[in-house]
Amino acid sequence: MDLPTLWFAAIAVLWIGYFVLEGFDFGVGILLPFLGKTNTDRRVMINAIGPVWDGNEVWVLTAGGAMFAAFPAWYASLFSGFYLPLFLVLLALIVRGVAFEYRGKVDSVQWRARWDQAIFWGSAIPALLWGVAFANIVRGVPMDADHIVTANLLDLLNPYALLGGLTTLSLFTLHGAMFLSLKTGGEVRLQARRAVPMIALVAVPAAAGFLLWTQVSYGTTWTLPLVAIAALTLVAAVALALRGREGWSFTATATTIAVATVVLFGSLFPNVLPSTTNPAYSLTVENAASADYTLSVMTWVAVIFLPVVLGYQSWSYWVFRKRITREHIEPTLVPAGRPGDA
Amino acid sequence: MDALDLARWQFGITTVYHFLFVPLTIGLSVIVASLQTAWYRTGKHEYLQATKFFGKLFLINFAMGVVTGIVQEFQFGMNWSEYSRFVGDVFGAPLAMEALLAFFLESTFIGLWIFGWDKLPRKIHLATIWAAAIGTNLSAYFILAANAWMRHPVGYQVNPETGRAELTDIWAVLANDQAWSTYLHTVAGSFIAAGLFVVAVSAFKLMRARFHGDTGTPGQAPHPSEHGLFRKTLRAGLAVTALAGILVAFSGHHQAQLMAQDEPMKLASAEALWEDEDGAGFSIFAVGDVVDGRNHINIQIPHLLSILATNSLDGNVQGINDVQERYEAQFGPGSYVPNVPVIYWSFRLMMGFGLAGVAVGFIGLWLTRRGRLPKHRWMYWAAILGLPAALAANICGWILTEMGRQPWTVVGELLTAASVSPGVSLTEVALSLALFTLVYGVLAVIEAGLLWRYVKAGPTHVVPPQDDDSDEDRDAPVPAFVY
């Protein structure tokens with residue numbers, strides 16, 4: 001495997017890490033208003049992802065940084081070409097991150113309700129838009145000979161991309177429900193398990209349809225079995241959840257998300273951003289890559305440090321392995337507010 | 001106004017805003033880790049209180065630094081695609097390393113620290129805050145190495161076929177003299193800001209205790225048990241500020257010398273020095289004419305600029321008009337002069353505010369010697385105002401650095417006008433600029449309100465005071481911060 005291909009694979013791995021990990025914390029954020037009927041239950045949900053969401057989010061920063069270093073032309077064309085969707089993702093991630101930290105810091109119903117809104121929209125918007133973006137990457141965008149994307153917003157909102165968005169939105173929500181039934185106890189766990197079939201009613205057909213469409217229009221020989229695996233693990237995830245096998249069902253949705261991401265990257269290869277204006281204008285693994293020296297430096301850095309990162313992130317999941325229940329939620333210590341705040 | 005101007009405004013606004021939180025994160029992470037180390041070593045309850053109290057303020061600030069940092073990582077590609085295309089080989093590498101080596105460390109261990117109080121052995125828990133602090137300070141090095149490369153590009157060559165810069169020596173990029181010099185200067189400036197943050201909070205609480213009668217607002221004075229705590233943190237904050245002040249002065253001197261070598265135009269603009277001069281004076285106050293390229297009024301300290309820039313009384317310092325001529329000969333026609341008034345005044349404001357902040361550190365240490373406390377109310381206010389001064393100095397430093405580099409993004413290689421994304425329209429940038437500004441403004445108000453609320457509430461609110469001095473509950477579990 002030459003270095004640009006290796007880095008194409010490495011970037012796929014980083015996005016897999018991001019979608020599998022932040023996928024469930026997006027899902028928890030989306031489910032917050034639906035499963036958390038009381039403040040205590042909402043706090044159970046938020047504290048279940050509390051120690052890990054920030055670390056999960058770094059996967060996208062690393063993916064972005066790796067694209068910048070390994071495929072500057074891809075990073076440049078993609079990020080400027082998808083300007084408004086990425087801007088919305090950024091705004092969403094900003095208010096969401098602040099919301100987790102600030103929500104519990106003032107004892108006021110109105111204060112919490114506003115941050116709950118921020119957590120919901122801050123999770124739902126990126127969960128939807130990442131799917132829209134990746135579908136458009138696979139499908140290709142209008143792009144000229146200088147690799148400048150000339151798409152407008154409506155070009156990006158085509159049926160295939162919208163189905164992609166619905167897929168990530170519903171799949172991450174399902175993944176979040178699996179996570180909550182695995183990591184919480186009591187009412188939230190029950191509610192999460194009850195929500196699984198309802199979410200699956202959207203997620204299974206959306207994901208199956210999207211992956212099939214991807215395979216038929218853009219897929220290659222080796223992505224076909226992967227589409228089957230993604231579909232099977234998704235169905236298995238729902239079946240396992242209904243039987244109360246919470247660990248296995250979470251593993252299964254994680255596998256679906258990982259394999260579906262491989263299908264997208266596999267369908268894209270050897271392009272990194274196809275041009276629908278003229279296939280000759282497409283950005284490819286070869287013409288978008290950095291020189292070999294940069295790639296070999298980055299390979300050494302990744303080989304040495306990625307295992308270290310995986311090590312301490314796994315340890316952090318181990319430390320917080322216990323289920324969170326209402327009993328774990330202590331009354332928060334917040335300074336007395338102004339009169340009328342509560 | 002075209003898309004380029006708005007993209008520059010957006011980069012300026014989002015970066016300046018991001019850098020209001022970053023210096024505090026860099027310094028406070030280490031200060032909070034040190035307080036926790038003091039608790040771990042001595043077992044004294046007040047160190048636990050101080051750790052949790054300043055830890056809470058640190059986290060309120062940290063969240064803002066993290067989320068505004070995501071924008072920084074993405075907007076090179078979004079708004080500066082031609083820059084990204086040109087430099088990605090070189091500039092992307094330290095950015096990717098920053099994410100992999102520093103961001104993961106910082107964010108994973110901050111989660112362990114926040115939620116791990118009652119789950120981890122005390123020694124391990126102490127290690128988590130140090131790991132997060134190391135991650136934060138490491139991240140500063142990588143991003144400053146990337147920034148240093150824009151001002152003093154090294155370890156690369158431009159491939160004539162592709163017209164892109166290609167990395168030839170990663171060690172040259174990481175060991176760039178501009179990188180470590182800027183790192184020392186920025187981190188020192190950050191510790192001044194963080195030290196003065198601790199000073200401002202402590203001085204406020206002690207002032208409320210001392211002049212309790214005339215505030216009329218109960219609950220803002222420290223609990224009697226906290227008085228000793230704030231005396232200690234006041235001294236600690238002052239000491240951090242003073243030590244960092246020494247470092248900021250030496251590294252600043254080194255920065256000026258590098259500026260003279262690598263960016264003569266920036267130094268000339270910062271001094272409103274129009275012609276090359278041997279034994280140049282340091283300008284205190286100037287009124288100039290940018291079009292004519294001369295000063296009407298210029299009050300100087302003789303020879304000081306030459307000493308600062310070249311370590312010699314009669315060293316040669318280049319002037320704006322002469323550098324312009326040389327650049328035209330080298331790079332072709334065009335103006336290579338940045339916005340001189342902005343550069344000149346940001347340099348003076350940086351030094352003025354910075355020196356004022358450092359002065360608070362030194363004078364404060366003297367006034368609080370051997371357990372004394374200042375008697376006059378205005379002295380407490382002066383200490384509190386040190387914080388906004390230090391933040392303003394940090395911001396002015398970045399305005400000098402970034403605007404002084406204009407019209408270049410990469411000095412001698414790429415112009416800012418050629419760096420902007422050609423495919424992003426004026427409307428798109430206007431929309432994002434407006435919404436970023438709005439959201440950032442709202443969040444700033446919320447953040448300041450929260451900090452105020454928690455400063456008022458004080459440490460006893462976070463950790464109840466201990467009834468006696470016994471160490472009975474030394475091994476009792478400490479409740480975690482939770483959401």
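Backbone N, Cα and C atoms are what each Cβ position is placed from, and that goes for glycine too.
Residues or ranges marked as region 'Disordered' by TrEMBL: B:463-483. Residues or ranges marked as transmembrane segment in TrEMBL: B:20-41, B:53-71, B:91-115, B:127-150, B:183-204, B:236-256, B:342-367, B:379-400, B:429-452.
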Please report, as numbers and ranges, the same-chain residues at least 6 past the borders of the transmembrane segment (B:127-150) whose CB is under 8 Å from any CB of it. 22, 25-26, 29-30, 32-33, 36, 87, 90-91, 94-95, 97-98, 101-107, 109-110, 112-113, 116, 120, 156, 173-174, 176, 178-179, 182-183, 186-187, 190, 401, 405, 408-411
Tertiary contacts of the transmembrane segment (B:91-115), defined by C-beta under 8 angstroms and 6+ residue spacing from its ends, are 59, 62, 66, 73, 76, 84, 125, 128-129, 131-132, 134-136, 138-139, 142-143, 145-146, 149-150, 167, 170, 173-174, 480-482
Let me check one thing: do the transmembrane segment (B:53-71) and the transmembrane segment (B:429-452) come into contact, meaning three or more Cβ pairs under 8 Å with sequence separation of at least 6? yes
What residues elsewhere in the chain lie close to the transmembrane segment (B:20-41), defined as a C-beta under 8 angstroms and at least 6 residues from its ends? 47-48, 50-51, 54-55, 57-58, 61-62, 64-65, 68-69, 122-123, 126, 129-130, 132-133, 136-137, 140, 186-187, 189-195, 197-198, 233, 236-237, 240, 244, 390-391, 394-395
